[in-house]
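Below you'll find the structure, written out as structure tokens, and then a few comments.
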Amino acid sequence: MLWFSGVGALAERYCRRSPGITCCVLLLLNCSGVPMSLASSFLTGSVAKCENEGEVLQIPFITDNPCIMCVCLNKEVTCKREKCPVLSRDCALAIKQRGACCEQCKGCTYEGNTYNSSFKWQSPAEPCVLRQCQEGVVTESGVRCVVHCKNPLEHLGMCCPTCPGCVFEGVQYQEGEEFQPEGSKCTKCSCTGGRTQCVREVCPILSCPQHLSHIPPGQCCPKCLGQRKVFDLPFGSCLFRSDVYDNGSSFLYDNCTACTCRDSTVVCKRKCSHPGGCDQGQEGCCEECLLRVPPEDIKVCKFGNKIFQDGEMWSSINCTICACVKGRTECRNKQCIPISSCPQGKILNRKGCCPICTEKPGVCTVFGDPHYNTFDGRTFNFQGTCQYVLTKDCSSPASPFQVLVKNDARRTRSFSWTKSVELVLGESRVSLQQHLTVRWNGSRIALPCRAPHFHIDLDGYLLKVTTKAGLEISWDGDSFVEVMAAPHLKGKLCGLCGNYNGHKRDDLIGGDGNFKFDVDDFAESWRVESNEFCNRPQRKPVPELCQGTVKVKLRAHRECQKLKSWEFQTCHSTVDYATFYRSCVTDMCECPVHKNCYCESFLAYTRACQREGIKVHWEPQQNCAATQCKHGAVYDTCGPGCIKTCDNWNEIGPCNKPCVAGCHCPANLVLHKGRCIKPVLCPQR
């Protein structure tokens, strides 16, 4: 019997052409449990036997595929497909040789040994010569020393001389301590035996073209951008930059470096790669390869308030890359790889100089009656009227942060609304309240507010809190909440927003760690224990989408119908509006007279479209923004901290309280019973 495991059409073709053999194929199933490929027919025949246990067999049409290998196992032919590993993101050159199944990150072959990319080594016979492999290129160079004193001392068995003392740039370093001089990412120094020794990092030669390289922030050496793939290179030949060199051919990389293609590896040697002085004929290379560099010969560049060493590169403003060349600063525009779209699960980030694809952050949205959409995309409704954990870090016993929401019935029979949002960061408690009012540890504050671990500011019609922990909270001052979690928090969160692990099926894990089959049980398990009485009479069930009168139903559908209008049409093909429409109708049917309850669904749909890079033409400022204060008040991010009322408007004296954000009465009006009125209209005392 001939067994196949997931080899698809090749197995089917071979079995159909071999009527005398029984093929037992292990079928692959799709997500619905339906067999793929060979599910359409049953193949019959006799058993394929073999004699030599463990022998690798060649079977036409099957083993022609380099990923499939057939062996004799228990006297029967068994075939298996090789599974290819995922290449590292740092792999800049992937190769696939003829006859091989999987792609590999290009390594190096040198003197009969094989080395992985980024590996560095030194030979005992040549301890002062450094060799390093980088995507098929071996760079051979001498250890580069940096000397900062006039009379350095050379030591037997050491590549670099040392300078007396361990005081460097005015700082006293301890024995064994390693440090970097200010402004030099490429130089490392150490304090050994009461003396200082400094070594400058030698950067590997890259196989990619120069315009496809960049220096990552905070690093010394450039790296290749993206990943190149090469198939079926001629045996022994080398790919370097955009050219292919035959085995044994040589070329000059620059005036000081000669390269040779040896057995598919480019070996590049610096001309002054050994300790000692330079010959007269190599004066042009001495600046690059001298092991001893006296201080007076070191040419540096000053750019802004920083000092850069000769040969050092850095990113400047306006997306330019600069280099220090023999004491002169040279800058050029940064070359970017054109990117127009990203694979599923990633977004195009245009914040830097070059667009890059980054993992999408997790987004949890709460809006309306309220409707919850978790980080992993599960939607549910819950009308509790207490305070609940929206999300927190569950990866450690003492959660470094948590976001709480407090719900309010707002005089409805069956529904509740989000009344306020509270962010707890260590000892700090930030409360986002109605009409975009903000309290920090109980005191109202003005905007913007910048603290060590968070920043609060008004972003258009939304209040935005950005934390160093990786959370970003948006609040509209009414009942819309959006929590954005950075990708590094994946799998660490819990609460009403779910666990952010990429699977919506396990989002209903309660506060006790057990999965809940009922949404209400799940939500109540995240209730914050307090002495406050927050229960209300038993909620009336809502069997229908809308239980109001005909007039109420007509108003609900009339307002929510705008989701289908031209203002949102550009997004319909990308983000389905049906869920938001149902939520809108539900909210409108239990909507208090003074509220525009469609706003939350419209805002949630608009934000979902914006996250997909689609601009819609709806703006909430006219009817929905919380900055549109009522009863004569106006919104101000830094309004007076002392409220003028009918009881105190004529009192003389300055206000010593700091300004606060929120709705305030204009200077010529006073607050009375929630309304701004003229002082002459105040009731007599």
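FYI, residue positions are counted from 1 along the chain as it appears here.
A Cβ is built for glycine as well, from the same backbone N, Cα and C atoms used for every other residue.
Annotation source Swiss-Prot lists domain 'VWFC 1' at 50-105, citing sequence analysis.
Sorting each residue of the domain 'VWFC 2' (108-163) by its DSSP state yields 0 helix, 31 strand, 25 coil. Under the heading domain 'VWFC 2', Swiss-Prot lists 108-163.
Residues or ranges marked as domain 'VWFC 3' by Swiss-Prot: 164-225.
The annotation domain 'VWFC 4' is assigned in Swiss-Prot to 238-289 on the grounds of sequence analysis. Over the domain 'VWFC 4' (238-289) the predicted model carries a mean pLDDT of 75.
Look at Swiss-Prot and you will find 299-358 tagged as domain 'VWFC 5', backed by sequence analysis.
The domain 'VWFD' annotation in Swiss-Prot covers 362-535 and rests on sequence analysis.
Summarising the annotation, Swiss-Prot assigns domain 'TIL' to 629-682.
The Cβ of ASN116 (N-linked glycosylation site) has 11 other Cβ atoms within 10 Å, all protein chains considered. Residues or ranges marked as N-linked glycosylation site in Swiss-Prot (evidence: sequence analysis): ASN116 (among others).
Under DSSP, ASN247 (N-linked glycosylation site) is assigned to coil, being neither helix nor strand in the three-state scheme. What Swiss-Prot lists as N-linked glycosylation site is ASN247 (among others).
In the three-state DSSP reading, ASN255 (N-linked glycosylation site) counts as coil. Residue environment of ASN255 (N-linked glycosylation site) contains 11 other Cβ atoms, counted within 10 Å of its Cβ in all protein chains. Under the heading N-linked glycosylation site, Swiss-Prot lists ASN255 (among others).
According to Swiss-Prot, the feature N-linked glycosylation site maps to ASN318 (among others), an assignment based on sequence analysis. Proximity of ASN318 (N-linked glycosylation site) to non-local residues of its own chain (separation of 6 or more, Cβ distance below 8 Å) is seen for none.
All chains included, 10 other C-beta atoms sit within 10 angstroms of the C-beta of ASN441 (N-linked glycosylation site). The annotation N-linked glycosylation site is assigned in Swiss-Prot to ASN441 (among others) on the grounds of sequence analysis.
The signal peptide annotation in Swiss-Prot covers 1-39, and the record cites sequence analysis as its basis.
Of the recorded residues, ASN255 (N-linked glycosylation site) and ASN247 (N-linked glycosylation site) place their C-alpha atoms 22 Å from one another.
Distance from the CA of ASN247 (N-linked glycosylation site) to the CA of ASN116 (N-linked glycosylation site) is 20 Å. Within 10 Å of the Cβ of ASN247 (N-linked glycosylation site) there are 15 other Cβ atoms, across all protein chains.
The two recorded residues, ASN441 (N-linked glycosylation site) and ASN247 (N-linked glycosylation site), show a Cα separation of 71 Å.
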